[in-house]
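Chemist: What Swiss-Prot shows for this protein is this:
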- 3-245: domain 'ABC transporter' (DOMAIN)
- Gly40, His41, Thr42, Gly43, Ser44, Gly45, Lys46, Ser47: ATP binding site (BINDING)
Amino acid sequence: MSIEFKNVDYIYAPGTPFQTQGLTNISFKIRSGSFVAIAGHTGSGKSTLMQHFDGLLLPSKGSVTIADKSITSNTSSKSLKEIRKKVGLVFQFPESQLFEETVLKDVMFGPLNFGFSEQKAKEQAIQWIRKVGLSEQVMNKSPFELSGGQMRRVAIAGVMAYEPDILCLDEPAAGLDPEGQKQMFDIFKNYQREGHTVILISHNMDDISQYADDMLVLEHGHLIKHASPKEVFSDPDWLKKHFLDEPATSKFARKLEKGGFQFSEMPLTVDSLVNEITTKLKSKGGNE
């Protein structure tokens, strides 16, 4: 399911002394079934942008089109329910979207809200509680008794349980150990492979280079680049200018290049780095 922004502005507290420009003239299109990363330093407008995907925020100017439904400044709350069934948001702080008495009830809430039967909602909830790596022992606990990492998993399960066409994630791996982070990102990547669109906000360029196939870069509420991660990360000077880190893999590869190692193309993932080095060494060995 595709998303298109056309000349979107967003203004916080318009007409008051606290008026602030959140987004300025944002235009882009996200392909259906893609894995898109949104990057930018703190305060660049990433979370503001994401909240436009399901109408939590309405554009002050311009339009957002999702599944042939247009969202503008005049869109009513009633007309947003169909869009919100198709777009799931996982916020940066999971406690902000947990509220039920038990984990099971919390994860069931989304499916029930969007028309699932009680039995189907329970089946979906149990399935996704397991998928995100939680044991059934937590199902009858209050979500607020859990650790931060467990709460994040519950929040993710609660959105994925109604299987939205578009999944939006704001720093979803924060608070998880490396194994937990990989487990979550493998779930998100598999969800994309099943035909869904996944949108990720992250400060972690390694995650972006590993999983995303498209990338939006924001700065002070402006979209300054829309390209593949390969293109964005190909220019370390541009990254430095805009206060973005380079993925650890390509940073290491550039050090190897300074030592005389030549890459056919700059690797962005550990697998591509290892494959490139292995191929070069085998080729060199065969020529000796």
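The backbone N, Cα and C atoms fix where each Cβ goes, glycine too.
Here the structure is a predicted model, which means the values were calculated and not measured.
Tell me about the surroundings of these features in the structure.
Modeler: Gly43 (ATP binding site) carries neither a helix nor a strand DSSP state and counts as coil. All protein chains considered, the CB of Gly43 (ATP binding site) has 13 other CB atoms within 10 Å.
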Chemist: With a 10 Å radius around each C-beta, find which of these binding-site residues (His41, Lys46) has the fewest other C-beta atoms nearby.
Modeler: His41
Chemist: For a quick check of packing: other C-beta atoms within 10 Å of the C-beta of Gly40 (ATP binding site), how many?
Modeler: 24
Chemist: Tell me, roughly as an integer, the mean pLDDT over the domain 'ABC transporter' (3-245).
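Modeler: Taking every residue of the domain 'ABC transporter' (3-245) together, the mean pLDDT is 94.
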Chemist: Other residues near the ATP site, CB within 8 A of the CB centroid of Gly40, His41, Thr42, Gly43, Ser44, Gly45, Lys46, Ser47?
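Modeler: The surrounding set, listed in chain order, is Leu218, Glu219.
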Chemist: Let me check the 10 A CB neighbour count of Ser47 (ATP binding site). How many other CB atoms are there?
Modeler: 17
Chemist: Within 10 Å of the Cβ of Thr42 (ATP binding site), how many other Cβ atoms are there?
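Modeler: Within a 10 Å radius of the Cβ of Thr42 (ATP binding site) lie 8 other Cβ atoms.
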